[in-house]
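Participant: Submitted below is the structure of interest, expressed as structure tokens.
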Amino acid sequence: MIVIVTGMPGSGKSRIVEEFEKRGFPSVSLGDIVREETVKRGLELTKENVAKVSIRLRQELGQNAVAKLAVGKVRVLLEKSPLVVIDGVRSLDEVGTFRGAFPEEKIIIVAVHTPPRLRFERLKARGRHDDPQTWEDFEERDWKELRFGIGGVIAMADHMLINDGSKEEYEKKVKTLVEKIIRGLNRGGA
């Protein structure tokens, strides 16, 4: 089984990935693949360079470039684990790449929705080097994500978590969903 986790930046995707990892299931981050490719190309890991490499990869290999690069890693992990989580899928082309590469695997899409203002505040507080510090930067980043096609992936989700309350409420939702998916794995569904 493959679980694809998607959502806008700052929505709470990584918390879902962490919950699966805590239970022994491995993950592949498409963002990490772009960062690795940036380093391979001899570039410094800056927001601008990572964005340029992401665009260049898609120009060189197609809109599903990052997914194509991830397929080998996912395949290796599926040999050792009945469930692999893929974090950061941003387009239906990427979903299609995984469906095509793994026709024998059940693929579940989990999307997280968090209101924009709340995501902006969380990203500012998180303070990662590539997190926006102004509302204008935040909106620009959101529009880039939407142009990549993330809205289509969110719309096709099998499960949608709404993250608009307290941290404790979201934790409970995440654990409940992860348990449901794992139970489905053991029964052949979800």
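Positions of Cβ are set from backbone N, Cα and C atoms, glycine also.
What Swiss-Prot records for Gly7, Met8, Pro9, Gly10, Ser11, Gly12, Lys13, Ser14 is ATP binding site.
For each listed feature, how buried is it and what is near it?
Facilitator: Its own atom aside, the Cβ of Gly10 (ATP binding site) has 26 Cβ atoms within 10 angstroms in the protein chains shown. DSSP assigns Gly10 (ATP binding site) to coil in the three-state reduction, placing it in neither a helix nor a strand.
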